[in-house]
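Below is one structure, written out as structure tokens; comments come after it.
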Amino acid sequence: ICRWSFALICSQFSRGVYAIFGFYDKKSMNTLTSFCGALHTSFVTPSYPTDNEVQFVIQMRPALRGAVLSLLSHYKWQKFVYLYDTDRGSSTTDAAEFKRIIEEMDRRQEKRYVIDCEVDRINTILEQVVTLGKNSRGYHYILANLGFSNVSLDKVFAGGANISGFQIVNPENPIVQQFMQRWERLDEREFPEARNTPLKYTSALTHDAILVIAEAFRYLRRQRVDVSRRGSAGDCLANPAVPWSQGIDIERALKTVQVQGMTGNIQFDNYGRRTNYTIDVYEMKTGGPRKIGYWNEYTRFVNIMDPQVSNDSSVENRTIVVTTIMEAPYVMYKKNYMHLEGNDRYEGYCVDLASEIAKHVGIKYKLSIVMDGKYGARDPETKTWNGMVGELVYGRADIAVAPLTITLVREEVIDFSKPFMSLGISIMIKKPQKSKPGVFSFLDPLAYEIWMCIVFAYIGVSVVLFLVSRFSPYEWNLEEQDETKDPHTPPDPPNDFGIFNSLWFSLGAFMQQGCDISPRSLSGRIVGGVWWFFTLIIISSYTANLAAFLTVERMVSPIESAEDLAKQTEIAYGTLDSGSTKEFFRRSKIAVYEKMWSYMKSAEPSVFVKTTPDGVARVRKSKGKFAFLLESTMNEYIEQRKPCDTMKVGGNLDSKGYGVATPKGSALRWVE
């Protein structure tokens with residue numbers, strides 16, 4: 001096996017592959033993971049997840065351990081029999097061996113079994129269960145497998161035994177429904193067995209694996225990352241093996257993929273393991289498999305079907321699942337939340353609102369933080385909903401109490417209450433730095449045009465005064481020369497208002513200092529009086545404005561409205577990737593907003609952010625080169641919080657409200 005795996009990987013690697021897709025078993029797992037880590041070649045697999053933390057292995061199949069433990073806790077099982085397959089234990093498919101195990105368990109009066117095998121082996125075991133008559137009332141089997149609908153359960157259930165299991169493929173998922181519609185339209189002549197072949201969960205995982213690979217390479221292309229096999233492509237025959245230098249970029253892109261597939265939300269942690277996924281919990285009922293709840297990493301097992309309640313729409317005698325989003329100040333963790341449990345871990349406006357609603361209606365509820373951290377938007381290609389809206393649409397929550405905007409598109413699939421808060425879309429920018437006074441800051445109280453007019457007026461008045469003094473006889477000195485005066489001394493000027501004295505007189509009057517000469521003619525005094533009155537008004541205005549400038553520091557904002565954003569390209573701007581704000585711009589018919597949407601959808605790098613904190617952080621780090629479009633309430637809240645380095649500019653772009661949401665037709669919609 002090891003030699004075959006070695007030859008297979010080397011042959012594929014020598015062909016210049018960028019990533020490998022395939023399955024492994026217990027015998028080949030260590031060899032495959034070791035070579036992929038050494039050669040830096042990503043291996044995408046739907047096989048069962050490994051327990052070790054390995055690199056360059058992308059595991060499409062979610063871990064089932066947590067879901068099994070939660071279901072055991074739900075049933076309050078203290079003792080049970082655990083059967084597992086040959087890759088991880090003794091063989092249970094051999095008839096004689098299985099009969100021996102069952103007889104031993106009967107002597108111990110054990111009737112609770114957890115069967116951890118692949119679908120084919122589970123079917124074999126259940127056939128023996130029916131043969132041995134261990135499918136009667138009182139027996140309970142939990143199938144630790146992700147393909148509950150792929151198992152043949154009719155004969156086991158007919159004897160009265162209870163059967164529970166897990167399902168990763170949600171038949172109500174629009175992606176699954178679209179796939180099945182295309183599957184049924186296949187040409188029977190080319191695919192004769194297509195219509196009679198049910199969808200296996202391993203096939204869905206394979207479909208999603210190809211989707212993840214395609215999405216990762218689209219991301220690399222958008223980021224303009226060069227992954228071409230130029231230069232050293234690695235050598236698996238070298239000792240030690242030479243890794244491919246671009247392999248890390250591909251692995252990083254695969255791990256950053258977040259997409260909706262046939263198995264729900266697809267995300268990975270740093271070790272390539274699925275995270276933020278949902279597993280549905282099923283029980284076999286008279287009408288067939290029936291969903292009784294779901295499990296995820298945050299809410300653990302949530303029971304959404306109480307068999308004691310005859311009316312499915314009843315809200316009494318069961319715990320209501322309230323979906324919300326972690327968004328300050330609406331929902332936040334308490335400082336000591338690690339020492340608390342349940343709803344006591346949270347605080348905030350929406351937490352208090354949910355508590356008051358529960359008290360008023362008289363229901364029990366459990367807060368559930370939405371896994372993908374999104375409010376809810378419909379994918380234009382797959383037509384699926386994500387975020388809190390998706391939680392309501394696909395039955396994973398009963399009510400949404402969050403800053404969820406009421407929009408026409410959302411009202412088509414869910415119901416809203418009356419708005420509990422009014423708001424609008426606003427613009428957030430980084431607060432401009434306070435301007436430092438310059439050498440010529442004393443000129444700031446008046447506009448530069450006014451200063452130019454003052455200079456021209458000063459020169460003009462001086463010239464007019466000079467000319468008036470020349471024409472008026474009262475400005476000329478006709479005194480006889482003093483005989484005692486030195487004949488070599490130049491005589492006094494016959495006119496005091498030469499050009500330089502005229503300039504000096506005007507300057508002294510402007511500076512409120514006066515001068516040792518004054519005009520004696522009527523025309524000269526009129527010119528001087530007009531100039532004095534002019535300087536009185538100017539100096540008074542300048543003094544008043546200067547006092548304001550000294551007490552208030554000026555901050556210059558480059559953006560004042562949405563029109564300012566649309567007119568320029570130096571400052572980037574964007575919205576949440578999934579939310580009503582993005583939907584507003586996408587559907588708007590107003591020219592300014594259409595222009596903004598055209599820019600946002602084509603901007604590189606992308607101007608859309610996953611969460612509000614990501615958008616705020618981008619504003620703070622962009623040094624004034626990014627503006628974030630978000631709800632005004634959140635904008636004003638962040639502006640008043642430390643470090644107080646953001647600000648809201650302009651008015652709101654629209655008017656809307658937050659509402660409490662419920663699924664269509666929910667009984668909670670009409671509770672008063």
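Every residue gets a Cβ built from N, Cα and C, even glycine.
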Given that TrEMBL lists P403, T405, R410, S580, T581 as binding L-glutamate, which residue among E356, E631, E636 does it place in the same site?
-> E631
Composition by DSSP (helix, strand, coil) of residues within the domain 'Ionotropic glutamate receptor L-glutamate and glycine-binding' (329-394) = 27 helix, 13 strand, 26 coil
For P403 (L-glutamate binding site), the nonlocal same-chain Cβ neighbours (under 8 Å, six or more residues apart) come out as I325, E327, Y330, C350, Y375, M421, E631, T633, M634, Y658
Mind checking which residues of the chain, 6+ beyond the ends of the transmembrane segment (446-468), have their Cβ under 8 Å from one of its Cβ atoms?
-> 475, 497-499, 502-503, 505-507, 510, 519, 521, 523-524, 527-528, 530-531, 534, 538, 541-542, 545
Out of R378, R410, I559, which of these recorded positions is nearest R586 (site 'Interaction with the cone snail toxin Con-ikot-ikot') by C-alpha distance?
-> R378
Reduced DSSP assignment, E631 (L-glutamate binding site) = strand
Mean predicted confidence [pLDDT] for the domain 'Ionotropic glutamate receptor C-terminal' (319-672) = 85
Other residues with Cβ within 8 Å of the Cβ centroid of P403, T405, R410, S580, T581, E631 at the L-glutamate site?
-> Y375, L404, I406, T407, G579, K656, Y658
Report, as a single number, how many Cβ atoms besides its own are within 10 Å of the Cβ of I559 (site 'Crucial to convey clamshell closure to channel opening').
-> 19
Note down the number of other Cβ atoms within 10 Å of the Cβ of R586 (site 'Interaction with the cone snail toxin Con-ikot-ikot'), including every protein chain shown.
-> 16
